[in-house]
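Quick look at what TrEMBL lists:
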BINDING   Thr66, Pro67, Ala68, Gly69, Glu70, Gly71, Lys72, Ser73  ATP binding site
Amino acid sequence: MNKSDIEIAQEAKMKPISEIAEQLDLHVDEWEPHGHYKAKLSLDVLKRLDSKPSGKVVLVTAISPTPAGEGKSTVSVGLGQALNRIGKKTIIALREPSLGPSMGIKGGAAGGGYSQVIPMEDINLHFTGDLHAITSAHNALSALLDNHIHQGNELQIDTRRVVWKRVLDLNDRALRNVVVGLGGPVQGVPREDGFDITVASEIMAILCLSKDINDLKHRLSKMVVAYNYSKEPVTVADLGVQGALALLLKDAIKPNLVQTLENTPALIHGGPFANIAHGCNSVMATRMASKLGDYVVTEAGFGADLGAEKFFDIKTRAGDIEPAATVIVATARALKMHGGVAKNQLTEENVGALERGMANLEKHVETIRTFGVPFVVGINRFNSDSEQEIQFILDWCAERNIEVALSEVWAKGGAGGEELANKVVELVENGTNTFEPIYDVSLPIIEKIETIARKVYGASGIELSPKAKRQISEFDKAGWNNLPICMAKTQYSLSDDPSKLGRPEGFIISIREFRPSIGAGFIVALTGTVMTMPGLPKKPAALNMDVTEDGKAIGLF
Ligand code: ADP
């Protein structure tokens, strides 16, 4: 029987983090140990290595995922290990997991099988406290805002138009809507409020897009928290608390250094939602990894229509990052699902369905081509995939001159990813790279969305609700029109309807409303309702969790 992810992780021979830091030639004062196997890296590293040429950034993205996740993190970790095996000094840059989903649905966010980052219990639980710091900064702002209203409300904040909710790093549906300030005049001013999960906080997105602490402070100051009685935006700068918030984040902005099962260095830092935010680890971690290594392997959430598009159109602009190559992860399972197979029949061979499902991969391939970044399709092999299915995908790609490599990093670690690693190196060294974001930020909001919808989703057009139309003219007045767009769309379909799998055509993308994330520096376009405080399932993963007398985690994954 296969070992579980946590069993494999607990058997790993970890090196003390000091050895990993030495491997990266970090100066003694540039890293602070957090226990034996984790460290925080000082942003001084970026200053010291500023003039050093950056390493090559390889983005791992995927086809439209199935509910199980298609193994982007697993392939990212495995590819990083494989690149090291073939002699390229490589560092992995990934997102930090959130506690909410860990307690809810089985499945970690630290890779899987023989391609994991460790210590996985720590990474999946409290890690180095970054999410707690973000929660504290976020809720400190809530407290300061409510206090401002209580103490006379000089800014004339309309308590019915406070848009800054509170946050918690748990899935807790009972907190989605609450009333605060009950109990009489000395307990504050009663108003409706609610909780989001911490990773949905704009502060998380800001932390991930900031280049340094000054940029962080500047972005924090621009966040819109409410509207006044004249319907004008009230910002953090109006409350004058950006300094306090930045202070609470002074350690959280330092990237976290850990290692993989094969002792490849990994920076795990920041993890914003991939719908109402951009779904990538921090700019600081990616940049630092590119200064410390020759190659960086990083990932973006969901499929290429969301993750890669936002990486290319939002993150590269914020962080001056040049993508050198892209890996599009595909699995036979997900392709079969796109070809019409039900979730409970994915382990049965079905080449016909696979053939139909290839249309989904085809669209993502076209998208990456549109961005001009050289790419390779990485087939993440599952034990249940048949030889015929794998061969079909290989042939399909070969017939179209699409680079493809089989990845067996889940089962074999870095050794199972050498073919993919060699292809990536070939693309980086000899591929044609004409990368450019697909829209100019100075275009009108509507045109930016239309470009994404047509070029990336394959839509025939967009339509806006009356509210969205009204908001566009308000945003024009507020001077918020020169920002990139962050699309909040279902990850399961290229369209905005999760039931339309494969490669839907002739569909319209409907924009319900916008949310200004001015501090993060983008406008969120919502195509449907987006859950920013998830609930727990009927049988939460927490039911299988325990801890032994000597502190060993059980049932985490
Ligand atoms: P994503 O990053 O796309 O969400 P992950 O890499 O986190 O996906 O993988 C999701 C889950 O699937 C993990 O539990 C991982 O162990 C498992 N997984 C990934 N690849 C494979 C594979 N090739 N075979 C079996 N399980 C896999």
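Cβ atoms are placed via backbone N, Cα and C, with glycine included.
Secondary structure at Lys72 (ATP binding site), as computed by DSSP, is helix. The binding-site residues in question are Glu70, Gly71, Ser73, and the one with the fewest Cβ neighbours inside 10 Å is Glu70.
Of all the binding-site residues listed here (Thr66, Lys72), it is Thr66 whose C-beta has the fewest other C-beta atoms within 10 angstroms. Counting every protein chain shown, the Cβ of Pro67 (ATP binding site) has 12 other Cβ atoms within 10 Å.
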